[in-house]
Amino acid sequence: SMASPALLMRVVASAYSVAEKAATIVRNVLAAGDLGIVEKTGANDLQTKADRLVQMSICASLARKFPKVTIIGEEDLPTEEVTEELIEDGHCEEILKKTCPAQYTGIKEEELVIWVDPLDGTKEYTEGLLDHVTVLIGIAYGGKAIAGVINQPYYNYEAGADAVVGRTIWGVLGIGAFGFQLTEAPAGKHIIVTTRSHSSTLVNDCISALNPDTVIRVGGAGNKIIQLIEGKASAYVFASPGCKKWDTCAPEAILHAVGGKITDIHGNSFQYNKEVKHMNSAGVLATLRNYDYYASRIPNNVKQSLVP
């Protein structure tokens, strides 16, 4: 008989279905019209009923199946009983059929850390910029992001009544990434994607130094990585603290699975072991191709201002 799939593939296959359930919750909360908005640290740091319900759903669903895995979510939530209707027990068969890369076949549950952003782009969600919104489930081993799931609950939402709304992108290092069409940005063009709501002098100085042809300002780290892998932007640059491990873990795994690169502004890799601080305090630099071109042009004053 066939050997049962490796733990990593089972976790990713479950995370896929859990992310689809999350997307349904996100859409239902918005359709019901009561977003239940709470300010966390200020007007640019919001939490909605969708953030809360989705985090409960993702964390409880994965913890039930994989009790020894460490799961770290963005939201501080009261430890309340999670209702059965929030639990997703399914998995994606397609993912289980893929062969687990040899270096990950021996992983034990307690060696995995899952970083969850239940709703990346909350501010945009509350403002109706729905294509910016993603659900992020990143899977780390040995401090490295090795697999990820990104769901876009509103992908295609403006495409008319018959369009299928929403999609799930997933990837594993050593296998690749799926659920989208990998495209490179136009050669010779410097299209920078950056923050929409967290701009600053430093952010803008850094971008000008890269001499961009175009600057795209959008919400959500997940959304920005999608811009890179679909060829809409050539670099994602964020010269500011503010981004957290749950923002970058899933996107990093997807980007690295297709040969891209993400670091802080100094070129340091992100670490995802469970003891690590949550803040990516030295910003973000990511590209699908030509990482060195952008890295070599980050101004020194920007680097000095951002301490890892």
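Each residue, glycine too, has its Cβ placed from N, Cα and C.
According to TrEMBL:
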- Glu74, Asp117, Leu119, Asp120, Asp247: Mg(2+) binding site (BINDING)
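Locations of recorded TrEMBL features on the structure.
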residue : record              : contacts (Cβ under 8 Å, 6+ apart)
Glu74   : Mg(2+) binding site : Asp51, Gln55, Val116, Asp117, Pro118, Lys244, Trp246
Leu119  : Mg(2+) binding site : Val26, Thr48, Ala50, Asp51, Val54, Tyr125, Val133, Thr134, Val135
Asp120  : Mg(2+) binding site : Val133, Thr134, Val135, Leu136, Gly220, Ala221, Gly222, Asn223, Asp247
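Counting neighbouring Cβ atoms within 10 Å of each of the binding-site residues (Asp117, Asp247), the lowest count belongs to Asp247. Other residues of the same chain near the Mg(2+) site, with their Cβ within 8 Å of the Cβ centroid of Glu74, Asp117, Leu119, Asp120, Asp247, are Asp51, Val116, Pro118, Gly121, Thr122, Thr134, Val135, Leu136, Gly220, Ala221, Gly222, Lys244, Trp246.
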